[in-house]
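**Student:** Encoded as C-alpha coordinates, here's the structure I'll be asking about.
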Amino acid sequence: MKAAVPSWLAAALLGAGSAAGAILQTCPSRAGGVCYSIAVPTSSADAGSGNIYFQITAPTTFQWVALGTGTGMSGSNIFVMYQDGKGNLTLSPRLGQGHFMPMLDTSSTAAKLTLLDGSGVSSDGNTMTANVACANCQAWSGGGSMSLKSTSAAWIGAWKEGSSLATTSRSASINQHDDNTAFRVDLTRATVSSDSNPFTASRDSAGGSGSGSNSGGNSGGNSNGGGNGNGNGGSSSGGDSDSGNGIVTSSGPSNTVLVAHGVIMAMVMAALYPLGALLMPLVRKWWLHGAWQALSFILMWVGFGLGVVTAKERDELFNQTHTICGTVVVCLLAIQPALGVLHHVHYLKTNRRGLISYVHIWWGRALMALGVVNGGLGLQLAGAGNGPVIAYGVVAGVVFVGYAAFKVRDVVLRRREGGGAASRFTQQPTATPSPPLRPTPGSTRKAVAAVSRLATRNAVPMRTFMAPTVARRADFVQELYLKELKAYKPTPIKETDSVGQVSVFGLPKTPKSPEEADLASSLKEYESMAVEVEGQEGAAAGAPAAVIEDWLVEEEEEEAAHH
(Lines of atoms letter the chains of each structure in order from A and count residues from 1; the text may use other names and numbers.)
(Lines give C-alpha, C1' and ligand atoms only; values in the text may rest on other atoms or scores of the structure.)
Protein backbone atom coordinates (compact mmCIF):
# COMPACT_ATOMS: atom_id res chain seq x y z
CA MET A 1 0.00 0.00 0.00
CA LYS A 2 1.35 3.38 -0.94
CA ALA A 3 1.78 5.94 1.79
CA ALA A 4 -0.48 8.94 1.66
CA VAL A 5 1.15 12.24 0.78
CA PRO A 6 0.04 15.37 2.69
CA SER A 7 -1.86 17.88 0.60
CA TRP A 8 0.68 20.66 1.23
CA LEU A 9 3.45 18.42 -0.09
CA ALA A 10 1.37 17.50 -3.12
CA ALA A 11 0.85 21.18 -3.85
CA ALA A 12 4.58 21.83 -3.56
CA LEU A 13 5.40 18.95 -5.88
CA LEU A 14 2.76 20.18 -8.31
CA GLY A 15 4.31 23.65 -8.36
CA ALA A 16 7.67 22.10 -9.18
CA GLY A 17 6.36 19.88 -11.96
CA SER A 18 7.10 20.78 -15.55
CA ALA A 19 3.49 20.52 -16.68
CA ALA A 20 1.93 22.16 -13.68
CA GLY A 21 1.81 25.77 -12.65
CA ALA A 22 -1.07 27.10 -10.64
CA ILE A 23 -4.20 25.00 -10.99
CA LEU A 24 -7.03 26.85 -9.28
CA GLN A 25 -9.61 24.83 -7.42
CA THR A 26 -12.86 25.51 -5.54
CA CYS A 27 -14.95 23.10 -3.49
CA PRO A 28 -18.35 24.59 -2.54
CA SER A 29 -18.96 23.87 1.13
CA ARG A 30 -22.60 22.91 0.62
CA ALA A 31 -21.80 20.60 -2.31
CA GLY A 32 -20.78 17.64 -0.16
CA GLY A 33 -17.45 16.81 -1.82
CA VAL A 34 -17.87 18.34 -5.29
CA CYS A 35 -14.74 20.18 -6.50
CA TYR A 36 -13.85 22.11 -9.66
CA SER A 37 -10.29 22.77 -10.90
CA ILE A 38 -9.22 25.02 -13.80
CA ALA A 39 -5.92 25.50 -15.67
CA VAL A 40 -4.96 27.54 -18.76
CA PRO A 41 -1.75 26.77 -20.72
CA THR A 42 0.48 29.78 -21.28
CA SER A 43 0.36 29.23 -25.03
CA SER A 44 -3.44 29.43 -25.05
CA ALA A 45 -3.46 32.55 -22.88
CA ASP A 46 -0.96 34.26 -25.18
CA ALA A 47 -2.87 33.32 -28.33
CA GLY A 48 -6.32 34.06 -26.88
CA SER A 49 -7.55 30.65 -27.99
CA GLY A 50 -6.64 27.00 -27.66
CA ASN A 51 -6.96 24.33 -25.02
CA ILE A 52 -8.02 24.98 -21.47
CA TYR A 53 -8.19 22.23 -18.87
CA PHE A 54 -10.70 21.62 -16.10
CA GLN A 55 -11.45 18.84 -13.68
CA ILE A 56 -14.72 17.81 -12.01
CA THR A 57 -14.62 15.46 -9.03
CA ALA A 58 -17.53 14.27 -6.88
CA PRO A 59 -18.65 11.30 -4.78
CA THR A 60 -20.49 8.61 -6.71
CA THR A 61 -23.58 9.36 -4.61
CA PHE A 62 -24.23 12.22 -7.03
CA GLN A 63 -26.39 11.50 -10.06
CA TRP A 64 -24.73 14.20 -12.11
CA VAL A 65 -22.38 17.17 -11.64
CA ALA A 66 -21.93 20.07 -14.05
CA LEU A 67 -19.51 22.93 -14.68
CA GLY A 68 -20.25 25.85 -16.98
CA THR A 69 -18.88 29.12 -18.33
CA GLY A 70 -21.15 32.14 -17.99
CA THR A 71 -22.91 34.24 -15.38
CA GLY A 72 -26.07 32.16 -15.21
CA MET A 73 -27.74 29.10 -16.61
CA SER A 74 -29.31 30.91 -19.56
CA GLY A 75 -26.90 30.94 -22.50
CA SER A 76 -24.07 29.22 -20.65
CA ASN A 77 -21.69 26.61 -22.01
CA ILE A 78 -22.34 23.65 -19.68
CA PHE A 79 -20.43 20.37 -19.26
CA VAL A 80 -22.40 17.61 -17.50
CA MET A 81 -20.67 14.54 -16.02
CA TYR A 82 -22.46 11.32 -15.02
CA GLN A 83 -21.68 7.60 -14.76
CA ASP A 84 -22.18 5.28 -17.71
CA GLY A 85 -22.88 2.19 -15.57
CA LYS A 86 -19.67 0.46 -16.67
CA GLY A 87 -17.19 2.05 -14.33
CA ASN A 88 -16.54 4.96 -16.66
CA LEU A 89 -18.04 8.42 -17.23
CA THR A 90 -20.12 10.20 -19.85
CA LEU A 91 -19.40 13.87 -20.54
CA SER A 92 -22.14 15.86 -22.26
CA PRO A 93 -21.64 19.39 -23.71
CA ARG A 94 -24.90 21.30 -23.32
CA LEU A 95 -26.25 24.80 -23.84
CA GLY A 96 -28.22 26.49 -21.08
CA GLN A 97 -31.78 27.28 -22.20
CA GLY A 98 -32.93 29.41 -19.27
CA HIS A 99 -36.32 27.92 -18.35
CA PHE A 100 -35.57 24.45 -19.75
CA MET A 101 -33.11 21.81 -18.62
CA PRO A 102 -29.92 22.14 -20.70
CA MET A 103 -29.97 20.07 -23.87
CA LEU A 104 -27.14 18.48 -25.84
CA ASP A 105 -25.45 21.05 -28.06
CA THR A 106 -25.04 19.54 -31.52
CA SER A 107 -24.25 22.77 -33.36
CA SER A 108 -20.99 23.42 -35.19
CA THR A 109 -19.90 25.69 -32.35
CA ALA A 110 -20.54 23.09 -29.63
CA ALA A 111 -17.78 22.60 -27.10
CA LYS A 112 -15.04 20.25 -28.32
CA LEU A 113 -14.31 18.20 -25.24
CA THR A 114 -11.81 15.41 -24.66
CA LEU A 115 -11.79 13.15 -21.59
CA LEU A 116 -8.18 12.77 -20.50
CA ASP A 117 -6.18 10.16 -18.65
CA GLY A 118 -7.28 9.78 -15.05
CA SER A 119 -10.99 10.12 -15.80
CA GLY A 120 -13.40 7.53 -14.48
CA VAL A 121 -14.63 5.98 -11.24
CA SER A 122 -12.06 5.28 -8.53
CA SER A 123 -11.12 1.70 -7.73
CA ASP A 124 -13.03 1.83 -4.45
CA GLY A 125 -16.12 3.05 -6.28
CA ASN A 126 -16.51 6.15 -4.11
CA THR A 127 -15.28 8.96 -6.38
CA MET A 128 -15.80 9.92 -9.99
CA THR A 129 -13.43 12.26 -11.80
CA ALA A 130 -13.52 13.91 -15.21
CA ASN A 131 -10.24 15.41 -16.49
CA VAL A 132 -11.23 17.44 -19.53
CA ALA A 133 -9.54 19.40 -22.30
CA CYS A 134 -11.71 21.95 -24.14
CA ALA A 135 -10.37 23.19 -27.47
CA ASN A 136 -12.81 26.06 -28.06
CA CYS A 137 -14.21 27.16 -24.70
CA GLN A 138 -13.28 30.79 -25.36
CA ALA A 139 -16.52 31.03 -27.40
CA TRP A 140 -19.69 28.96 -27.70
CA SER A 141 -23.15 28.74 -29.23
CA GLY A 142 -25.49 31.65 -28.63
CA GLY A 143 -22.77 34.31 -28.76
CA GLY A 144 -21.13 33.59 -25.40
CA SER A 145 -17.42 34.17 -24.96
CA MET A 146 -14.66 34.21 -22.35
CA SER A 147 -11.24 35.79 -22.53
CA LEU A 148 -8.43 33.44 -21.56
CA LYS A 149 -6.64 36.42 -19.99
CA SER A 150 -9.63 37.51 -17.92
CA THR A 151 -9.00 38.33 -14.29
CA SER A 152 -12.68 37.69 -13.47
CA ALA A 153 -13.99 34.96 -15.73
CA ALA A 154 -17.52 33.84 -14.79
CA TRP A 155 -18.14 30.15 -14.06
CA ILE A 156 -21.11 28.25 -12.64
CA GLY A 157 -21.58 24.81 -11.12
CA ALA A 158 -24.52 22.59 -10.23
CA TRP A 159 -25.12 19.11 -8.83
CA LYS A 160 -27.81 16.53 -8.24
CA GLU A 161 -27.63 13.64 -5.78
CA GLY A 162 -29.24 10.32 -6.64
CA SER A 163 -28.75 6.96 -8.26
CA SER A 164 -26.50 6.62 -11.27
CA LEU A 165 -27.93 7.46 -14.70
CA ALA A 166 -25.92 4.50 -16.02
CA THR A 167 -26.01 5.58 -19.66
CA THR A 168 -23.54 6.37 -22.41
CA SER A 169 -26.02 8.68 -24.13
CA ARG A 170 -24.83 12.28 -24.14
CA SER A 171 -28.43 13.47 -24.60
CA ALA A 172 -29.81 11.70 -21.52
CA SER A 173 -32.54 13.55 -19.65
CA ILE A 174 -31.50 14.94 -16.27
CA ASN A 175 -33.53 16.22 -13.34
CA GLN A 176 -33.29 19.69 -11.82
CA HIS A 177 -30.23 20.33 -9.68
CA ASP A 178 -30.30 20.20 -5.89
CA ASP A 179 -28.13 23.29 -5.58
CA ASN A 180 -25.69 25.40 -7.55
CA THR A 181 -22.88 27.89 -7.24
CA ALA A 182 -21.29 30.74 -9.15
CA PHE A 183 -17.71 31.95 -8.95
CA ARG A 184 -15.17 34.17 -10.66
CA VAL A 185 -11.71 32.97 -11.69
CA ASP A 186 -8.57 35.01 -12.30
CA LEU A 187 -7.31 33.05 -15.30
CA THR A 188 -3.99 34.90 -15.26
CA ARG A 189 -3.26 33.07 -12.01
CA ALA A 190 -4.40 29.69 -13.38
CA THR A 191 -1.72 29.33 -16.03
CA VAL A 192 0.36 26.18 -16.53
CA SER A 193 3.51 26.01 -18.59
CA SER A 194 2.72 22.93 -20.68
CA ASP A 195 -0.23 22.37 -22.97
CA SER A 196 -0.84 18.86 -21.64
CA ASN A 197 -2.90 17.12 -19.00
CA PRO A 198 -1.96 18.98 -15.78
CA PHE A 199 -4.02 16.69 -13.57
CA THR A 200 -1.97 13.57 -14.39
CA ALA A 201 1.14 15.26 -13.04
CA SER A 202 -0.77 16.18 -9.92
CA ARG A 203 -1.91 12.62 -9.42
CA ASP A 204 1.51 11.12 -10.05
CA SER A 205 3.15 13.60 -7.67
CA ALA A 206 0.61 12.69 -5.02
CA GLY A 207 1.24 9.01 -5.48
CA GLY A 208 -2.00 8.22 -7.23
CA SER A 209 -2.47 5.21 -9.47
CA GLY A 210 -4.47 4.19 -12.47
CA SER A 211 -3.85 4.03 -16.18
CA GLY A 212 -6.74 5.56 -18.13
CA SER A 213 -6.65 6.71 -21.75
CA ASN A 214 -7.90 9.55 -23.95
CA SER A 215 -11.16 8.64 -25.62
CA GLY A 216 -13.55 11.57 -25.71
CA GLY A 217 -12.90 12.84 -29.21
CA ASN A 218 -13.93 16.32 -30.17
CA SER A 219 -17.46 16.20 -28.80
CA GLY A 220 -17.03 14.54 -25.47
CA GLY A 221 -17.49 10.87 -24.74
CA ASN A 222 -16.78 8.13 -22.25
CA SER A 223 -13.58 7.50 -20.38
CA ASN A 224 -12.18 4.07 -20.84
CA GLY A 225 -9.51 4.38 -18.20
CA GLY A 226 -9.84 3.20 -14.69
CA GLY A 227 -7.83 5.93 -13.03
CA ASN A 228 -8.79 6.78 -9.50
CA GLY A 229 -8.99 10.49 -10.23
CA ASN A 230 -7.94 11.49 -6.75
CA GLY A 231 -5.27 13.99 -7.79
CA ASN A 232 -6.85 17.42 -7.48
CA GLY A 233 -3.71 19.53 -7.45
CA GLY A 234 -3.69 23.29 -7.12
CA SER A 235 -2.32 26.13 -5.17
CA SER A 236 -4.93 25.72 -2.46
CA SER A 237 -8.37 24.28 -2.10
CA GLY A 238 -9.84 27.58 -1.11
CA GLY A 239 -13.11 26.28 0.34
CA ASP A 240 -16.38 27.90 -0.70
CA SER A 241 -14.96 31.40 -0.89
CA ASP A 242 -11.24 32.11 -1.22
CA SER A 243 -9.94 35.14 -3.07
CA GLY A 244 -6.35 34.30 -2.08
CA ASN A 245 -5.98 31.59 -4.72
CA GLY A 246 -7.55 33.53 -7.59
CA ILE A 247 -11.10 32.22 -7.16
CA VAL A 248 -13.91 34.28 -5.68
CA THR A 249 -16.99 32.19 -5.00
CA SER A 250 -20.34 33.95 -4.77
CA SER A 251 -23.33 32.51 -3.02
CA GLY A 252 -24.90 31.74 -6.37
CA PRO A 253 -28.57 31.29 -7.07
CA SER A 254 -30.28 29.89 -3.99
CA ASN A 255 -32.89 27.19 -4.33
CA THR A 256 -34.29 28.21 -0.95
CA VAL A 257 -35.09 31.69 -2.24
CA LEU A 258 -36.55 30.25 -5.42
CA VAL A 259 -38.79 27.80 -3.56
CA ALA A 260 -39.92 30.49 -1.10
CA HIS A 261 -40.81 32.79 -3.99
CA GLY A 262 -42.81 30.07 -5.73
CA VAL A 263 -44.70 28.95 -2.63
CA ILE A 264 -45.65 32.48 -1.51
CA MET A 265 -46.79 33.67 -4.94
CA ALA A 266 -48.73 30.46 -5.61
CA MET A 267 -50.56 30.81 -2.29
CA VAL A 268 -51.38 34.47 -2.92
CA MET A 269 -52.59 34.19 -6.52
CA ALA A 270 -54.25 30.77 -6.47
CA ALA A 271 -55.76 30.78 -2.97
CA LEU A 272 -55.55 33.88 -0.76
CA TYR A 273 -56.80 36.50 -3.22
CA PRO A 274 -59.80 34.42 -4.46
CA LEU A 275 -60.82 33.43 -0.91
CA GLY A 276 -60.55 37.05 0.20
CA ALA A 277 -62.84 38.09 -2.64
CA LEU A 278 -65.44 35.54 -1.46
CA LEU A 279 -65.42 36.87 2.11
CA MET A 280 -67.43 39.93 1.08
CA PRO A 281 -70.61 38.15 -0.09
CA LEU A 282 -70.17 35.35 2.46
CA VAL A 283 -69.89 37.30 5.72
CA ARG A 284 -70.72 40.84 4.53
CA LYS A 285 -68.03 42.37 6.72
CA TRP A 286 -66.03 44.91 4.74
CA TRP A 287 -63.32 45.15 7.40
CA LEU A 288 -62.67 41.38 7.30
CA HIS A 289 -62.45 41.46 3.51
CA GLY A 290 -60.06 44.41 3.69
CA ALA A 291 -57.83 42.87 6.37
CA TRP A 292 -57.57 39.54 4.50
CA GLN A 293 -56.69 41.20 1.20
CA ALA A 294 -54.21 43.54 2.92
CA LEU A 295 -52.33 40.53 4.33
CA SER A 296 -52.36 38.90 0.89
CA PHE A 297 -51.11 42.17 -0.62
CA ILE A 298 -48.13 42.28 1.76
CA LEU A 299 -47.26 38.63 1.08
CA MET A 300 -47.42 39.34 -2.65
CA TRP A 301 -44.74 42.01 -2.35
CA VAL A 302 -42.57 39.73 -0.21
CA GLY A 303 -42.82 37.00 -2.84
CA PHE A 304 -42.13 39.51 -5.59
CA GLY A 305 -38.97 40.70 -3.83
CA LEU A 306 -37.71 37.14 -3.51
CA GLY A 307 -38.47 36.62 -7.18
CA VAL A 308 -36.40 39.66 -8.17
CA VAL A 309 -33.46 38.37 -6.11
CA THR A 310 -33.48 34.89 -7.62
CA ALA A 311 -34.07 36.27 -11.15
CA LYS A 312 -31.01 38.50 -10.84
CA GLU A 313 -28.92 35.58 -9.60
CA ARG A 314 -29.97 33.53 -12.60
CA ASP A 315 -29.72 36.40 -15.08
CA GLU A 316 -33.43 36.01 -15.91
CA LEU A 317 -34.81 39.40 -14.84
CA PHE A 318 -36.85 41.00 -17.65
CA ASN A 319 -35.65 38.53 -20.27
CA GLN A 320 -38.18 35.76 -19.58
CA THR A 321 -41.95 35.77 -20.08
CA HIS A 322 -42.54 34.82 -16.44
CA THR A 323 -40.47 37.63 -14.97
CA ILE A 324 -41.93 40.27 -17.31
CA CYS A 325 -45.54 39.15 -16.83
CA GLY A 326 -45.12 38.82 -13.07
CA THR A 327 -43.73 42.34 -12.76
CA VAL A 328 -46.64 43.77 -14.76
CA VAL A 329 -49.26 41.92 -12.68
CA VAL A 330 -47.78 43.00 -9.35
CA CYS A 331 -47.44 46.63 -10.42
CA LEU A 332 -51.03 46.75 -11.70
CA LEU A 333 -52.28 45.23 -8.44
CA ALA A 334 -50.59 48.07 -6.56
CA ILE A 335 -53.62 50.32 -7.21
CA GLN A 336 -56.20 47.71 -6.14
CA PRO A 337 -56.33 48.81 -2.46
CA ALA A 338 -57.04 52.41 -3.53
CA LEU A 339 -59.85 51.21 -5.79
CA GLY A 340 -61.29 49.25 -2.86
CA VAL A 341 -61.31 52.32 -0.59
CA LEU A 342 -63.00 54.44 -3.27
CA HIS A 343 -65.64 51.76 -3.77
CA HIS A 344 -66.33 51.58 -0.02
CA VAL A 345 -66.72 55.37 0.29
CA HIS A 346 -69.07 55.43 -2.69
CA TYR A 347 -71.19 52.63 -1.27
CA LEU A 348 -71.54 54.30 2.12
CA LYS A 349 -72.85 57.44 0.40
CA THR A 350 -75.23 55.84 -2.09
CA ASN A 351 -75.95 52.40 -0.62
CA ARG A 352 -75.34 50.92 -4.06
CA ARG A 353 -72.53 50.07 -6.44
CA GLY A 354 -71.15 52.55 -8.92
CA LEU A 355 -68.65 52.59 -11.76
CA ILE A 356 -65.70 52.54 -9.36
CA SER A 357 -67.16 49.43 -7.72
CA TYR A 358 -67.14 47.43 -10.95
CA VAL A 359 -63.66 48.68 -11.85
CA HIS A 360 -62.42 47.43 -8.45
CA ILE A 361 -64.11 44.04 -8.86
CA TRP A 362 -63.16 43.23 -12.45
CA TRP A 363 -59.67 44.70 -12.19
CA GLY A 364 -58.95 42.29 -9.35
CA ARG A 365 -60.52 39.29 -11.09
CA ALA A 366 -58.57 39.82 -14.31
CA LEU A 367 -55.23 40.21 -12.53
CA MET A 368 -55.89 37.17 -10.31
CA ALA A 369 -56.45 35.03 -13.41
CA LEU A 370 -53.33 36.41 -15.08
CA GLY A 371 -51.34 35.75 -11.92
CA VAL A 372 -52.42 32.09 -11.84
CA VAL A 373 -51.38 31.63 -15.48
CA ASN A 374 -48.04 33.29 -14.77
CA GLY A 375 -47.51 30.87 -11.90
CA GLY A 376 -47.59 28.03 -14.41
CA LEU A 377 -44.97 29.84 -16.50
CA GLY A 378 -42.84 30.15 -13.37
CA LEU A 379 -42.96 26.41 -12.74
CA GLN A 380 -41.85 25.85 -16.33
CA LEU A 381 -39.03 28.36 -15.98
CA ALA A 382 -37.77 26.67 -12.82
CA GLY A 383 -37.88 23.25 -14.48
CA ALA A 384 -40.20 21.91 -11.79
CA GLY A 385 -41.10 18.23 -11.81
CA ASN A 386 -44.53 16.71 -12.25
CA GLY A 387 -45.34 16.81 -8.53
CA PRO A 388 -45.31 20.59 -8.05
CA VAL A 389 -47.01 21.16 -11.40
CA ILE A 390 -49.86 18.76 -10.59
CA ALA A 391 -50.30 20.15 -7.08
CA TYR A 392 -50.44 23.72 -8.37
CA GLY A 393 -52.89 22.81 -11.11
CA VAL A 394 -55.22 20.96 -8.72
CA VAL A 395 -55.30 23.78 -6.15
CA ALA A 396 -55.80 26.48 -8.77
CA GLY A 397 -58.51 24.45 -10.52
CA VAL A 398 -60.46 23.68 -7.35
CA VAL A 399 -60.36 27.31 -6.19
CA PHE A 400 -61.40 28.56 -9.63
CA VAL A 401 -64.35 26.17 -9.91
CA GLY A 402 -65.48 26.97 -6.36
CA TYR A 403 -65.19 30.71 -6.94
CA ALA A 404 -67.09 30.58 -10.23
CA ALA A 405 -69.84 28.34 -8.79
CA PHE A 406 -70.39 30.64 -5.81
CA LYS A 407 -70.58 33.72 -8.02
CA VAL A 408 -73.10 32.09 -10.38
CA ARG A 409 -75.21 30.99 -7.42
CA ASP A 410 -75.04 34.48 -5.94
CA VAL A 411 -76.25 36.08 -9.18
CA VAL A 412 -79.13 33.60 -9.56
CA LEU A 413 -80.32 34.14 -5.99
CA ARG A 414 -80.20 37.91 -6.34
CA ARG A 415 -82.27 37.80 -9.51
CA ARG A 416 -84.86 35.58 -7.86
CA GLU A 417 -85.12 37.86 -4.87
CA GLY A 418 -85.06 40.98 -7.02
CA GLY A 419 -82.48 42.48 -4.74
CA GLY A 420 -80.51 44.07 -7.56
CA ALA A 421 -76.91 45.07 -7.48
CA ALA A 422 -77.38 47.62 -4.73
CA SER A 423 -78.06 45.01 -2.05
CA ARG A 424 -74.87 43.07 -2.65
CA PHE A 425 -72.23 44.82 -0.69
CA THR A 426 -71.12 45.13 2.83
CA GLN A 427 -72.66 46.49 5.89
CA GLN A 428 -76.09 48.01 6.26
CA PRO A 429 -76.51 51.81 6.04
CA THR A 430 -76.43 53.71 9.31
CA ALA A 431 -79.94 55.09 8.90
CA THR A 432 -82.78 52.67 9.72
CA PRO A 433 -84.48 51.78 6.42
CA SER A 434 -88.23 52.02 6.13
CA PRO A 435 -89.99 48.66 6.36
CA PRO A 436 -90.86 47.11 3.01
CA LEU A 437 -94.45 47.14 1.81
CA ARG A 438 -96.16 43.82 2.39
CA PRO A 439 -99.46 42.50 1.08
CA THR A 440 -102.40 43.30 3.35
CA PRO A 441 -103.42 40.26 5.42
CA GLY A 442 -106.70 38.59 4.54
CA SER A 443 -108.38 39.46 7.86
CA THR A 444 -107.63 43.15 7.30
CA ARG A 445 -109.13 43.09 3.82
CA LYS A 446 -112.24 41.43 5.17
CA ALA A 447 -112.66 44.12 7.80
CA VAL A 448 -112.26 46.89 5.22
CA ALA A 449 -114.79 45.22 2.95
CA ALA A 450 -117.28 44.91 5.83
CA VAL A 451 -116.93 48.60 6.66
CA SER A 452 -117.47 49.47 3.01
CA ARG A 453 -120.64 47.38 2.90
CA LEU A 454 -121.95 48.94 6.10
CA ALA A 455 -121.38 52.45 4.79
CA THR A 456 -123.18 51.59 1.59
CA ARG A 457 -126.12 50.12 3.44
CA ASN A 458 -126.51 53.19 5.60
CA ALA A 459 -126.33 55.57 2.66
CA VAL A 460 -128.78 53.91 0.28
CA PRO A 461 -131.92 53.92 2.53
CA MET A 462 -131.26 57.55 3.41
CA ARG A 463 -131.37 58.44 -0.24
CA THR A 464 -134.52 56.41 -0.82
CA PHE A 465 -136.59 57.70 2.05
CA MET A 466 -135.60 61.31 1.52
CA ALA A 467 -137.12 61.20 -1.95
CA PRO A 468 -140.17 58.91 -1.75
CA THR A 469 -141.59 60.15 -5.06
CA VAL A 470 -138.62 59.03 -7.05
CA ALA A 471 -138.66 55.53 -8.42
CA ARG A 472 -137.12 53.31 -5.85
CA ARG A 473 -133.91 51.79 -7.03
CA ALA A 474 -131.73 49.30 -5.22
CA ASP A 475 -128.49 47.47 -5.79
CA PHE A 476 -127.25 44.26 -4.22
CA VAL A 477 -126.20 46.14 -1.05
CA GLN A 478 -129.75 47.45 -0.59
CA GLU A 479 -131.12 43.98 -1.05
CA LEU A 480 -128.83 42.62 1.66
CA TYR A 481 -129.74 45.48 3.95
CA LEU A 482 -133.47 44.82 3.54
CA LYS A 483 -132.99 41.17 4.30
CA GLU A 484 -131.11 41.96 7.48
CA LEU A 485 -133.73 44.55 8.43
CA LYS A 486 -136.44 41.92 8.12
CA ALA A 487 -134.50 39.45 10.25
CA TYR A 488 -133.38 41.71 13.06
CA LYS A 489 -134.92 44.59 14.96
CA PRO A 490 -133.18 46.60 17.65
CA THR A 491 -134.71 46.52 21.11
CA PRO A 492 -135.38 50.00 22.54
CA ILE A 493 -132.78 51.11 25.02
CA LYS A 494 -134.04 51.29 28.57
CA GLU A 495 -132.95 53.74 31.18
CA THR A 496 -132.07 50.83 33.43
CA ASP A 497 -129.46 49.55 30.99
CA SER A 498 -125.91 50.15 32.11
CA VAL A 499 -124.84 53.58 30.84
CA GLY A 500 -127.61 53.22 28.24
CA GLN A 501 -125.18 51.96 25.59
CA VAL A 502 -126.05 48.29 25.26
CA SER A 503 -128.15 47.36 22.25
CA VAL A 504 -129.61 43.87 22.02
CA PHE A 505 -130.95 42.50 18.76
CA GLY A 506 -133.76 40.01 18.61
CA LEU A 507 -136.15 38.37 16.17
CA PRO A 508 -138.91 40.59 14.70
CA LYS A 509 -142.10 40.70 16.75
CA THR A 510 -145.66 41.82 16.08
CA PRO A 511 -145.74 45.62 15.61
CA LYS A 512 -146.87 47.39 18.72
CA SER A 513 -146.76 50.99 17.57
CA PRO A 514 -147.84 52.92 14.46
CA GLU A 515 -144.21 53.40 13.51
CA GLU A 516 -143.52 49.68 13.62
CA ALA A 517 -146.67 48.99 11.65
CA ASP A 518 -145.62 51.52 9.01
CA LEU A 519 -142.17 49.99 8.81
CA ALA A 520 -143.65 46.52 8.44
CA SER A 521 -145.89 47.80 5.67
CA SER A 522 -142.90 49.29 3.90
CA LEU A 523 -141.06 46.00 4.15
CA LYS A 524 -143.99 44.18 2.58
CA GLU A 525 -144.03 46.75 -0.20
CA TYR A 526 -140.32 46.15 -0.82
CA GLU A 527 -140.97 42.43 -1.01
CA SER A 528 -143.65 42.80 -3.62
CA MET A 529 -142.00 45.46 -5.78
CA ALA A 530 -139.74 44.70 -8.69
CA VAL A 531 -136.36 45.93 -7.57
CA GLU A 532 -134.47 47.56 -10.39
CA VAL A 533 -130.75 47.08 -10.01
CA GLU A 534 -128.55 49.98 -10.96
CA GLY A 535 -126.95 49.53 -14.32
CA GLN A 536 -129.79 47.38 -15.66
CA GLU A 537 -131.34 50.13 -17.78
CA GLY A 538 -128.67 49.89 -20.46
CA ALA A 539 -128.88 46.12 -20.74
CA ALA A 540 -130.46 44.67 -23.85
CA ALA A 541 -133.84 43.07 -23.55
CA GLY A 542 -133.53 39.54 -22.32
CA ALA A 543 -129.80 39.96 -21.56
CA PRO A 544 -128.46 39.67 -18.02
CA ALA A 545 -127.70 42.92 -16.27
CA ALA A 546 -124.10 43.99 -15.75
CA VAL A 547 -122.97 43.68 -12.20
CA ILE A 548 -120.30 46.09 -10.90
CA GLU A 549 -118.75 44.58 -7.83
CA ASP A 550 -116.92 46.40 -5.13
CA TRP A 551 -113.11 45.95 -5.59
CA LEU A 552 -112.62 44.98 -1.96
CA VAL A 553 -115.29 42.30 -2.16
CA GLU A 554 -113.79 41.02 -5.39
CA GLU A 555 -110.32 40.82 -3.83
CA GLU A 556 -111.73 39.00 -0.82
CA GLU A 557 -113.41 36.43 -3.03
CA GLU A 558 -110.18 35.87 -5.00
CA GLU A 559 -108.27 35.22 -1.79
CA ALA A 560 -110.89 32.76 -0.62
CA ALA A 561 -110.58 30.94 -3.94
CA HIS A 562 -106.81 30.55 -3.46
CA HIS A 563 -107.31 28.97 -0.05
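Backbone N, Cα and C atoms are what each Cβ position is placed from, and that goes for glycine too.
These numbers come from a predicted model, not from an experiment.
Below, the features straight out of TrEMBL:
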type	residues	note
COMPBIAS	193-203	compositional bias 'Polar residues'
COMPBIAS	207-237	compositional bias 'Gly residues'
DOMAIN	260-379	domain 'Cytochrome b561'
REGION	193-248	region 'Disordered'
REGION	420-444	region 'Disordered'
SIGNAL	1-21	signal peptide
TRANSMEM	258-279	transmembrane segment
TRANSMEM	286-309	transmembrane segment
TRANSMEM	321-342	transmembrane segment
TRANSMEM	362-383	transmembrane segment
TRANSMEM	389-406	transmembrane segment
**Student:** Summarise the domain 'Cytochrome b561' (260-379) as counts of helix, strand and coil residues per DSSP.
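**Tutor:** Its residues fall into 105 helix, 0 strand, 15 coil.
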**Student:** Three or more CB pairs closer than 8 Å, sequence separation of 6 or more: does that hold for the transmembrane segment (389-406) against the transmembrane segment (286-309)?
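**Tutor:** The answer is no, given that the two segments have fewer than 3 Cβ pairs within the 8 Å cut-off.
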**Student:** Are there residues at least six beyond either end of the transmembrane segment (321-342) with Cβ under 8 Å to its Cβ atoms? List them, or say none.
**Tutor:** 99, 265, 290, 293-294, 297, 300-301, 304, 307, 311, 356, 359-360, 363-364, 367, 370-371, 373-374, 377-378, 380-381
**Student:** Below 8 angstroms Cβ to Cβ, which residues of this chain, lying six or more residues outside the transmembrane segment (286-309), approach it?
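**Tutor:** Hits for the transmembrane segment (286-309): 257, 260-261, 264-265, 267-269, 272-273, 275-277, 279-280, 317, 323, 326-327, 330, 333, 336-337, 340, 344, 425-427.
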**Student:** Other than its close neighbours in sequence, what residues sit by the transmembrane segment (362-383), given a CB gap under 8 Å and a spacing of at least six beyond its ends?
**Tutor:** 98-101, 176, 258, 262, 265-266, 268-270, 273-274, 277, 316, 320-323, 325-326, 329, 332-333, 335-336, 339, 389, 392-393, 396, 400
